[in-house]
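Quick look at what TrEMBL lists:
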REGION    1-21  region 'Disordered'
REPEAT    82-113  repeat 'WD'
REPEAT    124-159  repeat 'WD'
REGION    169-195  region 'Disordered'
COMPBIAS  174-185  compositional bias 'Low complexity'
COMPBIAS  186-195  compositional bias 'Polar residues'
REPEAT    211-252  repeat 'WD'
REPEAT    253-294  repeat 'WD'
Amino acid sequence: MHHVGNEGNANNSNRPPKEKEKRLSYVLNNADETKHSAGINCLSLLKSVPSDGFDYLFTGSRDSTLKRWALVDDMPSFSAKFESHVDWVNDVVLVSDNVLVSCSSDTTIKTWNALSNGTCTRTLRRHKDYVTCLATAENDKTVVASGGLGGEVFIWDIEAATAKCNDTMDGDNDNSNGANASGNSLPVTTNSRNNISMDTTETQEYTPIGVEGCKESVYALAMNEEGTLLVSGGTEQVVRVWDPRSGSKTSKLKGHTDNIRTLLLDSTGRFCISGSSDSMIRLWDIGQQRCIHSYAVHTDSVWALASTSTFSHVYSGGRDLSVYVTDLQTRESALLCTEENPIQRLALHDDNIWVTSTDSSVHRWSAEGRNPRNIFQRDNSLLNGNLSLSKARVSLDESTPDPVYKQPTLTIPGIPAIVQHALLNNKRHVLTKDTSGSVKLWEITKGALVEDYGNVSLEEKVEDLFEKVDNIPPWFTVDTRFGCLSVHFDSPQCFLAEMYSEDLNIVGKTKDDKVNMGQETLKGLFGDWLRKRKQRMECAAPSNGELVPGKDIGIRNHTPSSIDGSCDTNAFEFSDISFVSIITEGSHGGQWGKKLTHLDGTEDEKDFPGWLLECLLNDSLPFCNENTNTK
């Protein structure tokens with residue numbers, strides 16, 4: 001026996017139109033936080049830190065985190081986790097030994113203490129859409145350029161930008177995680193503090209330089225060593241050249257026939273290499289404003305480039321799963337290696353090259369980075385870059401070259417990413433399938449794994465678990481864009497479904513008690529926070545009932561019955577919230593995320609959606625009060 005809430009009540013025509021309510025999401029993170037759980041979009045190398053002599057590799061993932069790996073004796077080990085972004089991390093650069101800069105699809109740019117255990121020092125908000133790429137000047141450690149899907153390119157003076165927001169620091173801007181103020185202390189840990197923060201910092205005091213004339217989405221940026229030249233590429237299919245000191249455009253280079261996805265500049269800024277979705281690599285002379293050579297090596301989009309320090313050879317990878325090395329002078333190419341997934345980023349490291357892909361693992365391959373000519377002296381199939389694109393493809397199709405290397409020399413393993421999901425018709429369970437083929441069943445009302453079925457058919461398992469139930473309106477949505485399960489609640493839709501306690505097998509309630517699925521799930525999700533909030537209030541309130549100055553913990557506008565934070569036994573309990581994070585947005589503006597275990601009950605009410613507080617603290621369901629009997 002099931003009861004469905006009155007769906008029409010949510011669209012009451014007598015109510016004035018209101019701004020869309022803020023969303024609340026919870027994310028079921030993987031238990032092993034030392035590994036990425038989704039594709040790796042970017043990486044950056046830090047060579048020989050003076051304090052310990054290690055090299056460090058930084059990786060940014062679609063799971064919204066960055067990680068640092070200590071490269072010791074050919075044995076990479078997890079060193080720190082950087083959390084504050086609430087969407088894919090798209091690019092990362094080092095602007096000094098201590099400062100890491102990242103950008104994300106959450107529209108923000110963040111700066112980090114690179115040698116800490118994950119300290120986010122600033123958040124810079126200027127872009128209106130996904131921030132896709134960054135570029136920095138090797139010899140000017142303060143300049144960073146950012147580009148995004150909004151057709152915007154900004155030039156940041158990182159020192160000035162971070163100094164200007166001293167009065168509006170992020171909540172996670174501290175050195176309490178083991179690093180001293182200089183950032184030189186670098187303990188290796190496998191249990192770093194989660195620094196996802198309630199981040200509402202707006203750096204209004206500092207305004208970056210905006211380039212003039214950028215028209216379409218930007219996918220790639222590159223800057224010369226001195227920071228006097230910037231190139232950009234994207235959906236406009238041209239390489240634009242800018243003066244980053246003024247933001248003015250100087251020229252544009254035409255030749256590609258599809259989106260430009262990756263760019264490189266030599267140290268002087270004279271030569272530029274571009275990779276495109278048209279599968280071509282082009283070498284440009286910036287001064288002469290012309291294409292010198294074209295290289296028809298790949299059979300699909302080119303997404304990643306890396307060059308030797310002398311700019312004599314370029315390594316390229318992309319959608320065709322292949323990494324090639326090309327002699328820019330002789331135009332000969334050799335297939336270095338192949339991956340199982342499309343290649344996202346390349347980074348040369350001495351005689352090796354790090355390769356990331358849409359998989360959650362990172363591979364290191366031999367690359368003869370110091371002397372790539374050694375590769376061409378071996379008896380391997382070579383491609384002639386002088387061939388036209390059509391002839392090159394025919395050559396590849398007729399005789400696929402053997403890769404020089406068959407296996408990577410090192411692997412930093414990730415966790416198989418969840419790539420498929422199916423919502424069962426009982427509107428409580430979700431089936432998922434990861435890249436290893438494993439199918440699992442999840443209970444949304446408890447945020448828990450119910451069963452691991454192993455490698456079975458997702459479609460057949462959906463049929464097996466079909467239940468004969470009344471039509472229940474959708475009260476949540478899910479996605480797997482982080483490689484794990486994310487559950488989203490939107491008001492008032494999340495309060496539309498009700499069921500009888502008898503059908504839910506809830507102990508302690510009569511069989512005719514109606515349970516609002518959304519409200520009871522949210523109460524279970526925030527049960528620990530409500531208990532902490534009650535304890536804080538009891539400590540903050542003196543015997544006369546007045547609040548101690550400076551101890552306002554957000555009890556305004558709530559009825560006396562709800563102020564103590566007490567509640568009845570929840571229908572649904574989240575038994576383990578140690579790996580559960582929430583993502584939401586309050587009236588301050590700007591999304592924030594935090595692990596549930598790091599909410600301490602002192603959070604500002606303005607950081608949460610109003611409808612959520614009404615539900616948790618006032619036992620009130622927005623727009624549904626007339627028709628909903630809550631417990």
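Quick reminder: no glycine exception, Cβ is built from N, Cα and C everywhere.
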Across the repeat 'WD' (211-252), DSSP yields 0 helix, 22 strand, 20 coil
In DSSP terms, the repeat 'WD' (124-159) comprises 2 helix, 23 strand, 11 coil
Secondary structure split (DSSP) over the repeat 'WD' (82-113) reads 0 helix, 20 strand, 12 coil
The average per-residue pLDDT within the repeat 'WD' (82-113) comes out at 95
